[in-house]
Amino acid sequence: MTSATTAPHTTQTLQFHPRVAESVATQRGEGWSIQAVQELLDLPFMELLWRAQATHRTHWPQGDIELATLLSVKTGGCPENCGYCPQSAEFDTGVKAEKLMNVQEVTQAAQAAKDAGATRFCMGAAWRAPKDRDIEKISELITAVKDLGLQTCATLGMLQSHQAQALKDAGLDYYNHNLDTAPEYYSDVVSTRQYQDRLDTLRHVRDAGINVCCGGIVGMGEAPVHRAGLIAQLANLNPYPESVPINSLVRVAGTPLADSEPVDPLDFVRVIAVARITMPKARVRLSAGRQQLGDAVQALCFLAGANSIFYGDKLLVTGNPDVEADTQLLAKLGLKGTPNQTTTETACGA
């Protein structure tokens with residue numbers, strides 16, 4: 001009688017993107033390996049939450065929740081093919097291309113956001129990369145919003161170094177440019193730009209002295225090792241981002257990822273917790289997909305170290321809990337919004 005042989009177990013390994021590998025080599029210590037991040041993700045759930053909460057209390061003893069509002073100032077018609085995005089011109093999602101909003105429209109929206117309690121106002125434009133004339137118009141919006149006493153953020157696509165400097169000169173506090181996922185899974189999501197393009201934009205933003213807002217999306221069909229790879233990439237940026245938005249994929253009909261399997265809610269909480277542990281001084285933001293999480297999962301995310309949310313009933317073109325619902329949730333949990341201040345944060349150490 002012969003016994004069946006079992007194939008040896010193999011473990012998939014990922015390598016840092018060259019730009020990040022170089023950054024890791026220059027920082028103190030050894031940085032975060034993908035294996036180390038994966039080991040955190042694999043901890044027993046309660047142990048992981050305990051570690052994340054302990055880290056959070058150490059670095060954020062005030063326990064406030066930053067309220068940020070995101071407005072699409074130029075919607076639709078983007079030439080990129082990001083598989084999650086309903087604003088791509090490549091997909092039939094019902095989103096129509098619109099022109100850039102004017103200063104009066106944007107300042108009215110920003111004032112309304114401030115009146116509702118928001119302290120940061122982010123302006124998003126569906127461009128692959130803005131032209132210099134676009135930067136001039138966006139700079140006017142930044143100055144106008146800044147004059148209202150709000151922190152300013154923009155997400156406009158890829159930037160050149162002189163454009164980043166122009167935004168800084170206009171008073172921009174934060175620039176958002178997400179990595180989306182690990183580099184090894186990136187081509188499964190988008191093919192119209194390279195991972196290196198994203199890292200180059202982040203470098204231009206950092207060199208200009210603008211705070212970095214950079215995170216990713218969970219639930220795009222990625223494997224657990226890709227989630228570990230994304231977190232390692234973010235945590236090993238030197239310095240790591242001041243703001244780290246973690247999105248749960250909003251599946252929009254017409255996009256290639258519309259039929260993706262929903263992420264397990266507790267797996268999403270795990271990502272929040274590990275982001276907090278690996279980037280202790282960052283604002284970890286609950287971003288897109290909060291509406292589908294529900295109050296209980298959001299409460300676990302706050303326990304795991306999330307301390308920022310996008311505030312308002314719409315994120316670009318997808319739904320978000322309305323202001324009243326968020327106000328009630330925060331009150332139920334005994335959480336308070338961050339006091340309004342326009343001073344920028346110092347860079348986070350890696």
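In case you wondered, yes, glycine gets a Cβ from its N, Cα and C as well.
The domain 'Radical SAM core' annotation in Swiss-Prot covers 63-281.
Look at Swiss-Prot and you will find CYS78, CYS82, CYS85 tagged as [4Fe-4S] cluster binding site, backed by sequence analysis. Neighbour list (CYS85 ([4Fe-4S] cluster binding site), Cβ cut-off 8 Å, at least 6 residues apart, same chain): CYS78, PHE91, THR255.
Counted within 10 Å of its Cβ, the other Cβ atoms near CYS213 ([2Fe-2S] cluster binding site) come to 29, all protein chains included. Under DSSP, CYS213 ([2Fe-2S] cluster binding site) is assigned to a strand (E or B) in the three-state scheme. The [2Fe-2S] cluster binding site feature in Swiss-Prot is assigned to CYS122, CYS153, CYS213, ARG285.
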Proximal but sequence-remote residues of the same chain as CYS153 ([2Fe-2S] cluster binding site) (Cβ under 8 Å, at least 6 apart): ALA68, ARG120, PHE121, CYS122, MET123, LEU172, ASP173, TYR174, TYR175, ASN176, CYS213, SER243
Local Cβ density at CYS78 ([4Fe-4S] cluster binding site) - other Cβ atoms counted within 10 Å: 23
Most Cβ neighbours inside 10 Å, all chains, among the binding-site residues CYS82, CYS122: CYS122
